[in-house]
C-alpha cells in the first residue's frame, strides 16, 4: 500500500521579523475565520430589556380579538402558556373528565331502568290477574307459597295439581279407615266375650268416604268413631299382654326341657307334642304340669364332666385318668444358634 502524499503549507517566517520575543507570535490583525466574542455581548447590552407587564398587556388584546369557542358544560380551555408549567394538573383534569362522563352516562341510564321496572311491574300485575281468574274457574285452592309466586309461576303448578292432591287425601283417609276396621274385626273374633263388636262393617267404606269428603258434620262423626276405636284398641292390648307373657314363659320352659333331657328322647317327643295343645288353653292349666315335671327333669340331668377326662373315661372305668404328656423342648430346635446340639435326622446314613 502506498501512502498518499500530504499537502503541506509553507510557512513564511519573514513575517515575524526574526525577533526572539514571545510577543512576535501574537498577530496584530484577527483572522477572518474566527469570530470575536466581545462583539455580541456589546450588542446585547445595547438592546433594552422588555418588561413583563408590557408583554402581558400585549397578550390580552390578542386573546380578546380571537373569538371564544363555546365549550360543553363541565369542560374548560387550558392556555398554551400554562401547559408546560403544570404537568400534574393535566392528569387530574383528565381524571375529572372521566368522572363527568361516567356521571353523564349514569344519568342517561336511570330513566331507561325506571321504564323497564314499570314494564315488568305491569306484566306481573297482568300475570297475577290472569292466574287469579284461572284459579277461580278451576278450584278455590290457594297456594301455600308466600315467595314471589308471580315470577316463579308457582300458582300454575298448584292449580294443575289441585285435583290429584284432593283425590290422594281421600284415598289415604279411606285406606286408614279400612285398616282400622280390619284390626278391630280380628280382635273381636278372638276376644268376643270381653270386647264389644264395632258398630260399622267393611261394606260401609264407600259411604263413609263420601260423607267424610262432603260435609263437616260427617267429619265430626268420624272423629267420634276414631276415639271409640282407640278405646277398643287399648282394651285389646291390655287383654293380649298377659296372654302373650304366659305363652312366652311356657315356650321357654319347653326349650329348657328339650335341651336338658338327652337320655329319654321318646319322653321328650311326647311332652313336646302335648305342650302345644295345652298352650292354647288357659294359663292356669299350663303352669301345673310344667311344675310337676320340672323336678324329674332336674334329677335326670347328667353331671358335668371335664373335657380332658372325656377321652380317658371311654377307655377305662375311672372317670379321671391322668395322661402323660412329653415336653417338646428336647426335640425342637429353638432359634438358629450354632452352639445348640441337634440330633441327626438320619443316624443310619451317618454311621455307614
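Even glycines carry a Cβ here, placed using N, Cα and C.
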From the candidates 124, 250, the one which Swiss-Prot records as phosphoserine: 124
Per Swiss-Prot record, range annotated motif 'SIM motif' [choices 154-159, 160-165, 166-171, 172-177]: 154-159
Listed range which Swiss-Prot flags as motif 'WVPP motif', given the options 296-299, 300-303, 304-307: 304-307
Record feature phosphoserine (Swiss-Prot), assigned residue among 188, 280, 310, 317: 280
Mean per-residue pLDDT computed across the region 'Interaction with DNA' (30-49): 56
Counts of helix, strand and coil residues, the compositional bias 'Basic residues' (1-10), according to DSSP: 0 helix, 0 strand, 10 coil
